[in-house]
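A quick write-up on the structure given underneath.
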Amino acid sequence: MAAEPPADGRDPPADDGAAGDGAVESAAAEALLSAASEQLTLVYQGEVYVFDPVPPQKVQAVLLVLGGSDMPPGLVSMAVPTTFDEKSTTVAARRVASLMRFREKRKERCFDKKIRYSVRKEVAQKMKRRKGQFAGRADFGDGSCSSAPCGSTANGEDDHIRETHCQNCGISSRLTPAMRRGPAGPRSLCNACGLMWANKGTLRSPLNAPKMTVQHPADLSKTGDTDDSKANLCAEHNQTTMKTDTEMVPEQEQKADVLPPTKEEDSMATS
């Protein structure tokens with residue numbers, strides 16, 4: 001025979017094996033109901049309204065009327081908004097804190113061209129000076145090395161740099177615009193030989209190189225004397241030509257005064 005339903009109209013209790021998860025969920029809901037009082041708290045325009053007692057079914061019905069989402073039975077759904085509010089408040093607080101830190105850092109930043117005199121002062125104090133002024137590398141090298149051997153080595157290096165010769169044609173570095181790199185290394189060829197070596201990879205024949213010699217001061221004085229003598233001869237020649245021209249001017253004027261006879265005079269002479 002089928003089991004008759006109870007008189008109160010309630011469902012009979014299910015067996016232990018058939019209850020399963022439903023019993024666990026009902027137990028959890030009863031525990032939450034007993035732990036939290038059935039109070040409804042509403043906050044509207046800064047005012048707080050508390051209603052006691054309010055069952056969850058009424059709250060769900062009100063939310064459905066207002067167009068909210070459907071709530072599951074039990075108070076578990078009522079605890080979700082509180083946790084969401086807590087998360088939102090913590091996120092907002094973190095944002096405010098990060099914004100304050102950013103503003104503090106931005107105050108320290110300066111995108112304008114600020115002259116830092118302290119750094120300039122340190123750099124100026126580290127720089128070498130000569131007679132109260134900033135000295136370059138060349139001046140500092142000349143002034144710092146006051147001893148005789150050091151000065152002699154520096155002068156020897158300068159002379160070696162100045163007095164180099166082309167290894168191909170033998171021309172001096174003073175007679176070429178610049179010494180260039182060659183097969184033997186830097187500053188081993190003259191300008192012409194270095195350019196040919198860089199462009200074609202071959203060295204020009206020394207026979208085509210111009211023969212240029214350095215003139216000594218005695219030779220320069222001799223050439224200067226010869227130039228002066230040539231200049232004096234040219235000046236004397238110009239003076240003699242000017243004198244001859246002035247002497248010939250009166251004769252030319254006399255010839256210009258003697259005019260040739262006209263046609264009328266010729267006809268009268270013939271008649």
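Yeah, the Cβs are placed from backbone N, Cα and C, and that goes for glycine too.
As the structure is a computational prediction, the values presented were derived from the model and not from experiment.
The compositional bias 'Basic and acidic residues' annotation in Swiss-Prot covers 252-271.
Residues of the domain 'Tify' (33-68) grouped by DSSP class, helix first, strand second and coil last, total 13 helix, 10 strand, 13 coil. The domain 'Tify' annotation in Swiss-Prot covers 33-68.
Model confidence over the domain 'CCT' (95-137) stands at 80, taken as the mean pLDDT rounded to a whole number. Annotation source Swiss-Prot lists domain 'CCT' at 95-137.
Positions annotated as region 'Disordered' by Swiss-Prot: 1-23 (among others).
Annotation source Swiss-Prot lists region 'Disordered' at 238-271 (among others).
The feature zinc finger is assigned by Swiss-Prot to 166-193, with sequence analysis given as support. In terms of DSSP secondary structure, the zinc finger (166-193) contains 6 helix, 9 strand, 13 coil.
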Helix, strand and coil totals (DSSP H, G, I; E, B; other) for the domain 'CCT' (95-137): 25 helix, 4 strand, 14 coil
